[in-house]
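Enquirer: Supplied in structure tokens, the structure appears directly below.
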Amino acid sequence: MARSLFLCSLLIFAVTTFSSPTGALILTLVNNCNYTVWPAIQPNAGHPVLAGGGLTLRTLTHHSIPVPDAHWSGRVWARTGCAYSGTAFSCASGDCGGRLQCNGAGGAPPATLAQFEVHHGSNDYASYGVSLVDGFNIPMTVTPHEGKGVCPVVGCRDDLLATCPHVLQHRVPAVHGPVVACKSGCEAFHTDELCCRNHFNNPSTCKGSIYSSFFKHACPATFTFAHDTPSLMHQCSSPRELKVIFCH
């Protein structure tokens, strides 16, 4: 009798363990660059910080981060040219206030951004897109795995540092240093029109410019100004993994 109860319990455990969906979603950061990058993660307001908000990712390595099972949204970017000077930490691009773990802080533009909203809607959607609205510092793509529906790979594969217009070049050190990022028109000139502020902060007045056109021509599947085409944000149902690849 005891043996029968044991076998019955074991069968129930096995069915529960191997048949129940976990719903677990993994965010994987992959460094295909031939140099170290320092990925950063910033949650939107009200959402938890993942992985302390930042880490070191050496060339040809990856790091997987569990995403909360509840609704979560935020952004991912790569910092480049980071180093310690004594105890002070700073990055040539994407710096988040001089710390390795950003802990919720945003990054300094210019930087390529991946934007996410996961576990929303009736079909457990994961929305994702890549933005050059704040400029460019590194090639980046987002690849969903094992999702349902239309789940394209999106992003910017081109290295725009070599072709960045002179007026948009971000050099470190300034003036004579190497180009480490490419500024948006907003970051370069700070006008309401280019930044889509005040009178220009709506879809009818916020338009692309010659500066956003530079990014759009090279990377058409990215956002390049604040009110760019909403359809560039894709919805994939129930993916098991969202993979951010630097230098894809």
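Start at 1 and count along the chain as shown; that gives each residue its number.
Each Cβ is built from the backbone N, Cα and C atoms, and glycine gets one as well.
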Enquirer: According to TrEMBL, CYS182 takes part in a disulfide bond; indicate which of CYS164, CYS196, CYS206 is its partner.
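Expert: Recorded disulfide partner of CYS182 in TrEMBL: CYS164.
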Enquirer: Going by TrEMBL, tell me which one of CYS91, CYS96, CYS102, CYS151 is disulfide-bonded to CYS236.
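Expert: Disulfide mapping in TrEMBL sends CYS236 to CYS151.
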Enquirer: Pick out which of CYS186, CYS206 TrEMBL lists as the disulfide partner of CYS196.
Expert: CYS206
Enquirer: Say which of CYS156, CYS186, CYS247 is recorded by TrEMBL as the disulfide partner for CYS219.
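Expert: Looking through CYS156, CYS186, CYS247, the record in TrEMBL gives CYS156 as the partner of CYS219.
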Enquirer: Cα-Cα separation of CYS33 (disulfide bond) and CYS156 (disulfide bond), in Å?
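Expert: CYS33 (disulfide bond) to CYS156 (disulfide bond), Cα-Cα distance: 14 Å.
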Enquirer: On a count of neighbouring CB atoms within 10 A, which of the disulfide-bonded residues CYS186, CYS195, CYS247 is highest?
Expert: CYS186
Enquirer: Any idea what the Cα distance is from CYS96 (disulfide bond) over to CYS195 (disulfide bond), rounded to a whole Å?
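Expert: If we compare the Cα positions of CYS96 (disulfide bond) and CYS195 (disulfide bond), the gap is 21 Å.
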Enquirer: Out of the disulfide-bonded residues listed (CYS164, CYS182, CYS186, CYS195, CYS236), which are within 10 Å of CYS206 (disulfide bond), Cα to Cα?
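Expert: Near CYS206 (disulfide bond), where near means Cα within 10 Å, the disulfide-bonded residues are CYS195.
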Enquirer: Could you measure between CYS219 (disulfide bond) and CYS151 (disulfide bond) for me? Cα positions, answer in whole angstrom.
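Expert: Spelling it out, the Cα of CYS219 (disulfide bond) and the Cα of CYS151 (disulfide bond) are 18 Å apart.
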